[in-house]
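Student: Have a look at the structure that comes next, please.
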């Protein structure tokens, strides 16, 4: 009986619609990570001293804005356009997506991130893939708090962007999410890196083979995402469920 129940539940998550949503998450996350990490590599190649040249930070922030807006848009009608394990976690905590679907999304997102960074490593040959690091004057706890606050803002924007009561403004949800991400990078890039995305930090760390302070990019963002989801649905707009994604993960912004 238990085996039959498990088999039946498993089949719910390997339906054609479900598989399409996992693929959509893979594709959107792949291109997001490719652009963000690639922009960091490009700025490092073009600028001799990144520590004193603020234009490198602006370049990465702009890349984040464009890449995230586009990635969310292309996947929104299939998977919801999460592009981020923290967003998936925040929506799961808020009851907008099942835990099982969230786990499949995580696998798709992390695999996509690793593949994107690996492609950059192989294609550029002479360049190392940059990893997310914290400033020397910061502690891991402080950096985790910063990443948590940044991810709170990002996930709150995701909830607001998917609110069905936004009417015509809902169509610009992906742009708002991208703009929020870009502004966060400008605010915290020199301190914690402004990742706001565990998959982004994980993929680059795997390919580079360096995992120092990796917990910073998981603990803070996941907590921040959960708080944002709970606050939006239960305090700011109590009793309202934003229409971002159903339990099978097939509807979007």
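Yeah, the Cβs are placed from backbone N, Cα and C, and that goes for glycine too.
According to TrEMBL, the protein has these features:
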- 22-42: transmembrane segment (TRANSMEM)
- 54-74: transmembrane segment (TRANSMEM)
- 86-107: transmembrane segment (TRANSMEM)
- 141-160: transmembrane segment (TRANSMEM)
- 172-195: transmembrane segment (TRANSMEM)
- 215-232: transmembrane segment (TRANSMEM)
Student: Checking distant contacts: for the transmembrane segment (172-195), what same-chain residues at least six beyond its ends satisfy Cβ-Cβ under 8 A?
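Tutor: Non-local partners: 57-58, 60-62, 64-70, 72-73, 76, 81, 132-135, 138, 143, 146-147, 150, 153-154, 157-158, 160-162, 166, 201, 216-217, 221, 253.
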Student: Three or more CB pairs closer than 8 Å, sequence separation of 6 or more: does that hold for the transmembrane segment (215-232) against the transmembrane segment (86-107)?
Tutor: yes
Student: Ranking 22-42, 54-74, 86-107 by the number of C-beta pairs under 8 Å to the transmembrane segment (141-160), which range is first?
Tutor: 86-107
Student: Which sequence-distant residues neighbour the transmembrane segment (22-42)? Criterion: at least 6 residues beyond either end, Cβ under 8 Å.
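Tutor: Sequence-remote neighbours of the transmembrane segment (22-42) are 56, 59-60, 62-64, 66-68, 70-72, 74-75, 78-79, 81-84, 104-105, 107-109, 111-113, 115-117, 119-120, 124, 127, 129-130, 199-200, 203-204.
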